[in-house]
Amino acid sequence: MPNVLSDDEELLNGLGSEIMKPSRQGNHMARTVKRWVNKERATTADLKNVNIDGVHGPVNTESYISPGQLYSTDSGNLFHAGRILVVLVGLPATSKTLLSVAITRYTRWLGVRTKSFHFSEYKESAKNIPSDYFCVVPTSKEGVAFVEKLRMQMLNDILAFFNDLSGQLAIYDALNIRKIDRKNLETTFSEIGVKVLFIESIVSDQEIMNRNIALALESNDYKGLSTDEAIDEYMRRLSVNEPYYEMMTHDEELSYIKYINLGKQIIVKDNIHGYLVNKIVFFLMNLRQKKGCVYFARCGTSDKDNYIHDEELNEEGIHYSQVLKDFVLQRIKQKRQAKKNSDSLVEVIDGSHDEDLKTSLIVWTGPRKRTHDTALFFSKEGIKVQQRSELRQLNPGSIADLTDQQIMDKFPSEYKESLKDPYHFRFPRAESYHDLAVRMEPLLLEMEHTSKDILIIAHESTLRVLYGYLMACTCVELPNLNFTRDKLVEISFSPFCNTVELLNIPLTS
């Protein structure tokens, strides 16, 4: 057998490392070479402490391990992909920021060290901003100098991310609508061994364009302007840049993806970047503009709350189910009414929209009886309820239905190990949270594909994984997230980050 370790450094702590030495027999066939290195000790966390979207947080090179990460390497690079720069291309209000943040969230979840760099953020931190900064070719000397200064600052930060922070995927979010600018980026980064992939976002659908414009007008660029003034200013910026827009073509000899109307059509040219870029393309095929919120709720109670016996709801659990249904429907109706009363241009930025609840709300539940039965009152209202096998709770294996003291007595060494790394550790014949996250990836993609309001009724273990993805939690935080039955978790979407609100369910009247 060839020496796998010397054949490819990527297998050092990843796929295939277990074949280098005989495995030690045990309850869960422990590895002799650690897959996870430099792991932080887990600390307690609740939703109040992790209610800020972590998608823009720093990547800690010493301990960066993501919930969906399959393996780790010494270099930090995964999927044999090397370093990649993704360059967004498009006019204002064509979903470039939405794409950059969504790709960042997904690839970070996979374990790729990713960071998005937004021109708008650099502009907001600058002083003495000239009035023509928004044009790809400013008309004043001050504007030219200002844009060039910010551009160089962004490029230097991207280089530092690759060289100093072991970054693997950087996303450059700016207009990049001229061929000469794209060619310069390709030349600059190819010379240092960074592959460059362009994603051109094209929006011709008027409904998508209108919502993008409304979202853009909510940004700091238009702060203090009336609605009419903001629209006029936006149209001025668009008209100034349109003459310089050169759509990507084959004669540029660049690798690119044309992303048309938020995934209704995707064109890929010269994809020479391998598996990781293919994962990104597949993700983009599933990505849609969000018009709804995601709600998380625990299932109702049963008499013994056992794992082994698939119990039915008790009287308290049935009462909870009725109250949950009333509360969720009331919340959605309130949000829609608030939208109607608002003079904001953002049609559905907070998740409310105009469709009937029977068609605009979907309920996903786990496969166990009490989880599905918690949603029966929604079915009676004519709302679609789906049992999802992916929402099957974490399998506790040999420790099912044991108390903490019983686990300590029966599995003392395993219990101590589980405290060191509760995310990756498996008890005998059990799943780890990592196993759960990997098998739930198809559901994450379907959640990205759905524009409706979604209520997910599930066990706490699966809610932790879903919340961890949407709020970019680390694998240190995720196992300790606390979901209680008296709280409904509401996650709303915006292009730059997700927001969460904890709502009190009125279980006592």
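Each Cβ is built from the backbone N, Cα and C atoms, and glycine gets one as well.
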ARG298, ARG464 bind beta-D-fructose 2,6-bisphosphate per Swiss-Prot; candidate in TYR259, TYR275, TYR433 listed for that same site: TYR433
Here are some residues: SER6, SER95, SER321. Which is flagged as phosphoserine in Swiss-Prot? SER6
Among the binding-site residues listed here (TYR415, TYR433), identify the one with the smallest other-Cβ count within 10 Å. TYR415
Same chain only, sequence gap of 6 or more: which residues have a CB within under 8 Å of the CB of ALA93 (ATP binding site)? VAL203, MET209, ASN212, ILE213, LEU215, ALA216, TYR234, LEU238
If I take the Cα of ARG464 (beta-D-fructose 2,6-bisphosphate binding site) as reference, which of the recorded positions ASP173, ARG298, TYR415 has the closest Cα? ARG298
Three-state secondary structure, which DSSP defines for ASP173 (active site, proton donor/acceptor): strand
Other C-beta atoms that fall within 10 angstroms of the C-beta of ARG298 (site 'Transition state stabilizer'): 22
Which three-state DSSP class does ALA93 (ATP binding site) fall into? coil
Can you give me the same-chain residues 6 or more apart in sequence from LYS96 (ATP binding site) with a CB-CB distance under 8 Å? LEU88, VAL89, GLY90, ASP173, ALA174, SER201
Candidate nearest HIS459 (site 'Transition state stabilizer') in space, where candidates are the recorded positions ARG237, ARG298, TYR433 and distance is Cα-Cα: ARG298
